[in-house]
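Have a look at the structure below, then the notes.
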Amino acid sequence: MLAVSLARPLGAVGRSAIGPYRGSLGLFHAATERVCQPSLAAGAAAEPPEPAASTRLQDFRTKLADGPQLGDFALNGGTSASSQTLTAEEALELANTHTPDGRQKRLPPWLKRQFPTGANYHRIKRNLRELKLHTVCEEARCPNIGECWGGGEHQTATATIMLMGDECTRACRFCSVKTSRQPKALDPLEPENTAEAISRWGLDYVVLTSVDRDDLVDGGSAHFAKTIRILKEKAPQIFVECLTGDFQGKLDDVARVAQSGLDVYAHNVETVENLTPYVRDRRAKYRQSLRVLEHAKATKPSLITKTSIMLGCGETDDEVMQTLKDLRAIGVDCVTLGQYMRPTKGHMKVASYVTPQKFDHWAQVGNDLGFKYTASGPLVRSSYKAGELYLTNILREQRGQSAKSERL
């Protein structure tokens, strides 16, 4: 019915639809005919000039005709390098090469993770809230939080508890933890609450870390040591890893934590020496971090020492290699390498996204240099559970050897 109506002659439509307005329209048409009638005085043979719009259209058509054809974009059988399909890594590099200044580089597919879910994840989160505990998993916006907290049928859910509050006295350019010159006072119940949380989870391996507390005389080392001792008293079978700050280079504080009963002493150098002033807080020093790790090992040789390096901050391969050699020279046992990911727009920009193949290369280099364990991958973090499971096996082997020696 609609098609039939639209197909009616225009005159019919005008008569049926316009009706009483025919007289007015007639006057309008007469007026427009008088206005639009060409003037013979101007020369009947003269043609009107071509509108400017037509000239622009013709220019555009000419440019299209002279431009590249479809065949110029088609593959020619793959015989030339320019016609070969780009790999995912090459496509990402090409896209990021043309990323305008001030814009964040595109996130590669190997860094995208699912939103955290699962019963274990929600249980751990609920327990942390009940006991008013903080985790570096949340504060540092770790991309592995869903995997580590979620656990599974054949894996243990883990979390890295952050001691001494959630406000740090330092402001590293890569870190999303809140900063404050005067953080809140230490919670005297925190060591007990931490032990209670761990007993609820039934973990074999726990990681304790902390914010930097330069406002405290001992940097919080006594609080750290007390927490470890209570943990070992309540659950001596648990392996304890501590990821500490540098205690402003005060080696007595380093020794206090190293002698408290922990199994793994971790302190992160974070980046190569040349980038340390740019990436870390001005009070953090590359050589100072090396001294912390070296002194922890000297205080208790049976300790496993561990550190972590971020890639994608602007470092060169030679600088990464030198960093790994520096760490092995002071006896560091384990190293992790992961991709730096910008927490917010207010933090340091990502200089590059390192491919999984490159991370595999550094894992092989670490093993060749003699590290007991090298975890290297885009999403690897210093407290990533894959490393914890591996370290658990090392520590169990050490315990077995120690018990055998005592029997002999």
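Glycine residues also receive a Cβ, built from the backbone N, Cα and C atoms like all the rest.
Noted in TrEMBL for the protein shown:
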type	residues	note
BINDING	C137, C142, C148, S383	[4Fe-4S] cluster 1 binding site
BINDING	C168, C172, C175	[4Fe-4S] cluster 2 binding site
DOMAIN	151-372	domain 'Radical SAM core'
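According to DSSP, C175 ([4Fe-4S] cluster 2 binding site) sits in a coil region rather than a helix or strand. Fewest other C-beta atoms within 10 angstroms, among the binding-site residues C168, C172, C175, are seen around C172.
For the domain 'Radical SAM core' (151-372), the predicted model reports an average pLDDT of 92. Apart from the site residues C168, C172, C175, the chain places the Cβ of R170, A171, F174, S176, V177, T179, V211, D212, D281 no farther than 8 Å from the centroid of the site's Cβ atoms, the recorded [4Fe-4S] cluster 2 location.
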